[in-house]
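Taken straight from TrEMBL:
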COMPBIAS  1-12  compositional bias 'Polar residues'
REGION    1-32  region 'Disordered'
BINDING   58, 62, 294, 394, 398  Na(+) binding site
TRANSMEM  70-89  transmembrane segment
TRANSMEM  128-148  transmembrane segment
DISULFID  160-167  disulfide bond
TRANSMEM  210-229  transmembrane segment
TRANSMEM  241-271  transmembrane segment
TRANSMEM  283-308  transmembrane segment
TRANSMEM  320-341  transmembrane segment
TRANSMEM  382-409  transmembrane segment
TRANSMEM  421-439  transmembrane segment
TRANSMEM  459-480  transmembrane segment
TRANSMEM  492-515  transmembrane segment
TRANSMEM  538-555  transmembrane segment
């Protein structure tokens, strides 16, 4: 047996009697018992973990980001690289993170006891979660604003205000050829002028918070706080509603969308493949970023949620369910959205569906879809309420997961602080930060933070995570850990993905993004002030700098008289890594011996 890698060589496997091994007399090094540890809360049942993962991964990105990204990158042809990336990056990373969290019962920072020098990866993921949740909840606030307005008759975005020029009422069928200039729907003007009160730029500042959006932001944070106030004891119960209710609404909206006049044209526009785009590297880059954004991998949430599992829970099954369901949901959302857009184009006498698509993102959720809802002949208020309640629920589910990631890191570092006090403090701090996004210039800042602190930094964290786990801790070690925990051998598919395919493909995409990424522009042509680009770079590189910074700290902490000894001490697992139960640790300490004996019993 190779003691350094933990790999079992079965070329010669004598019988257990000839081995003469007594596990109690031959303990493995660096796997000592842990006593007096703080008891970690657990999910009340396995379904709570599954529902929490569904509520996290199935979010706003499925509703507005996937349909627009698919349209931009070849329509139906995009599904091919997307599904390939899902199988060789998405599923392996999702499975890995749930395994790491469950095996160690640790958050995304403490899990790096498996290689202390790589601890900065966990802090980078936590910082990325903070960036994301800071603006994510402001989008939930917009959903609550529209939800409150959806009870009015007529819908406020369905009619034109007197001061709006070249306005086309969204609630009426109008011949746009009779309108001079560039016609804009009342839904778009309502979003930019009434809701956001959006400024023309941020060169002169972002303005002060808008009172009504601030109130919606406060309500959003209060709801999230109530869900996370008692950790998994409260969030686990809420997960059932957060995971299941959106599907009820999605099915209702799907049935309604496919029965609208012109819906077929919109759906065909969505799924018709542009085969030439499959060969473009940027399409594969879009597939990778969409998988990361959609599944919430490398944001710390999956490690955090699985750390509250029982040691023997079948996370392989759960990971396959969630990743498959997430893709299925994205397809449903795409068909629904483009069915509605097809109807909108039909009502406006457009031959090209792209004329009603807008710029994607928030405009797809708060302009195109409300525009179509306003034209519904039967109770548009009902469909508006259902849609924005679904959007708010999806957002809260992801917001709860992101906040819980930050919360768990802090609670594990300060175990004496009650959970509800810590939750209140974190929610209050992030609410104050979130006021930036409810100003007239808030959307400009949101775009900046999303671009620099979002998927690019998460991709970097994913690369470092795979290197730390498979190239430093060791592929064979993690496979033996999985076999001890789940009782199943890791197949060749997972091994080749984890060791070679997944990290190398992510490294390629990462450098491609660095080389080809253009300067961020808001809308069609607005360029940010130079100070904004500098702030964006700081957001991005502060997170990435966490990795080399903690490597240096670890090298100093574990320094010896030799360079090789210092590196070995800094990167090898700490004594505290592994299962937190003394009984499980004892079995794990002798796992290699047990595996060798098992193989020996097969070969006689």
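Every residue gets a Cβ built from N, Cα and C, even glycine.
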Shell list (Na(+); ref centroid = CB of 58, 62, 294, 394, 398; cutoff 8 A): 56, 57, 59, 60, 61, 63, 326, 329, 397
Cβ-based isolation winner (fewest other Cβ atoms within 10 Å) among the recorded positions 58, 167, 394: 167
Contacting positions for the transmembrane segment (538-555) when only residues 6+ beyond its ends and CB under 8 Å are counted: 116-121, 123-124, 127-128, 131, 449, 452-453, 456-457, 460-461, 464, 566-567, 570-571
Cβ contacts of residue 398 (Na(+) binding site) (under 8 Å, same chain, 6 or more positions away): 55, 56, 59, 60, 136, 296
Maximum Cβ pairs under 8 Å to the transmembrane segment (421-439) - stretch from the list 210-229, 459-480, 492-515: 210-229
Same-chain residues near the transmembrane segment (128-148), Cβ under 8 Å, at least 6 residues beyond its ends: 60, 195, 212-213, 216-217, 219-221, 224, 298-301, 362, 366, 370, 384-385, 388-389, 391-392, 395-396, 398-399, 402-403, 405-406, 430-431, 433-434, 437-438, 442, 445-446, 449-450, 453-454, 457-458, 461, 539, 543
Stretch contact, the transmembrane segment (241-271) with the transmembrane segment (382-409), Cβ-Cβ under 8 Å, 3+ pairs: yes
Residue 294 (Na(+) binding site): tally of other CB atoms within 10 A of its CB: 24
Contact ranking winner - 210-229, 283-308, 320-341 against the transmembrane segment (70-89), Cβ under 8 Å: 283-308
Pairwise Cα distance for residue 160 (disulfide bond)/residue 394 (Na(+) binding site) [Å, integer]: 30
Stretch among 210-229, 283-308, 382-409 sharing the most Cβ pairs under 8 Å with the transmembrane segment (320-341): 283-308
Candidate ranges 283-308, 382-409, 492-515 - greatest C-beta contact count to the transmembrane segment (210-229) (under 8 angstroms): 382-409
Most crowded position, judged by CB atoms within 10 A, among 62, 160 as recorded positions: 62
Long-range neighbours of the transmembrane segment (492-515), counting only residues six or more past its ends (CB under 8 A): 85, 88-89, 92-93, 95-96, 281, 284-285, 288, 456, 459-460, 462-463, 466-467, 469-471, 475, 478-479
Inter-residue Cα distance where the pair is residue 167 (disulfide bond) and residue 294 (Na(+) binding site), in Å: 35
